[in-house]
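K.L.:
Pasting the feature list from Swiss-Prot:
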- 12-56: region 'VLG 1' (REGION)
- 24-81: zinc finger (ZN_FING)
- C29, C32, H53, C56: Zn(2+) 1 binding site (BINDING)
- 68-113: region 'VLG 2' (REGION)
- 83-137: zinc finger (ZN_FING)
- C102, C105, H122, H127: Zn(2+) 2 binding site (BINDING)
- 125-173: region 'VLG 3' (REGION)
- 179-207: region 'Disordered' (REGION)
- 190-199: compositional bias 'Gly residues' (COMPBIAS)
Amino acid sequence: MASRPSVRHPSHNHPLRGHKAQVEDEIICSGCDLDLLGAYFKCTKSECDYFLHKSCFDLPREIRHKSHPDHPLILLYSPQNNNSTYTCDACGEYGSGFTYNCSICQYDVHVGCVSVPETMKHDEHVHPLALIYKAPCPKDHIFTCDVCDETMPHNLWLYYCQKCDYGAHLHSCVAEEEEKSKKGGRGRGGEGGSGGNGVNRGRSSANSELAAMLKAQREMEQMQIALHLEMQRAKIDKKSRKHMLKMI
């Protein structure tokens, strides 16, 4: 039986081979740090745990984005300057895999945040919300998310209705879409409701993937904080032991 052909990707030193993810696999993509869904590539070396969604494999190397019009964003396969993580300038969460980056401005965006929809319908507001890339008020004013009541940093992306001065950060809108998708992808009735057509099911699926990404990034941030605290405690314990030995 002939073996499946292998392919190369600039993010990894070894050849990759195509596979189809199973629900029970629980494997993390090395590009976006999310659970593998659908088609993916795996390193041909048995001892190498490198996995990549086909969608991450196919990401363009350079893009232009409305959030950063002055310079192109370049796809990086790991954080800059040998850092283990970066902070996304769209949602404010950590990332450790692929990022779209402007080295001139030190601007980073998750590969998932780059593709969020430009408009979003939220059940708590009558009008569609438009994606904007900073808070719609002066920096000395406080802007609060109308969904979760959290204060929103001025430099992060949000969904906003200018007519009503109603805004919600990415997490709030995406969390609602995730709940809708769990219930079968159905939105509100009447005009703009999903009604079960294929286009809205696809949009719901994409928003569900984004919600999973943001959830994974928040969990990663918590793990990194816990690891940092553990390292600090270890350093303190080591210094204490040295001090005790000097006293003996």
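Keep in mind that glycine also has a Cβ here, set from the backbone N, Cα and C atoms.
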K.L.:
Let me make sure I understand the structure: which of the binding-site residues listed (C102, C105) has the fewest other Cβ atoms within 10 A of its Cβ?
P.N.:
C105
K.L.:
In the region 'VLG 3' (125-173), how many residues does DSSP call helix, how many strand, and how many coil?
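P.N.:
Secondary-structure breakdown of the region 'VLG 3' (125-173): 4 helix, 16 strand, 29 coil.
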K.L.:
Give the number of CB atoms, excluding that of H53 (Zn(2+) 1 binding site) itself, located within 10 Å of its CB.
P.N.:
23
K.L.:
In three-state terms from DSSP, label C102 (Zn(2+) 2 binding site) for me.
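P.N.:
Its secondary structure by DSSP: strand.
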K.L.:
Return one of helix, strand or coil for H53 (Zn(2+) 1 binding site), based on DSSP.
P.N.:
strand
K.L.:
Using a 10 Å radius around its CB, how many other CB atoms surround C56 (Zn(2+) 1 binding site)?
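P.N.:
Excluding its own Cβ, the number within 10 Å is 24.
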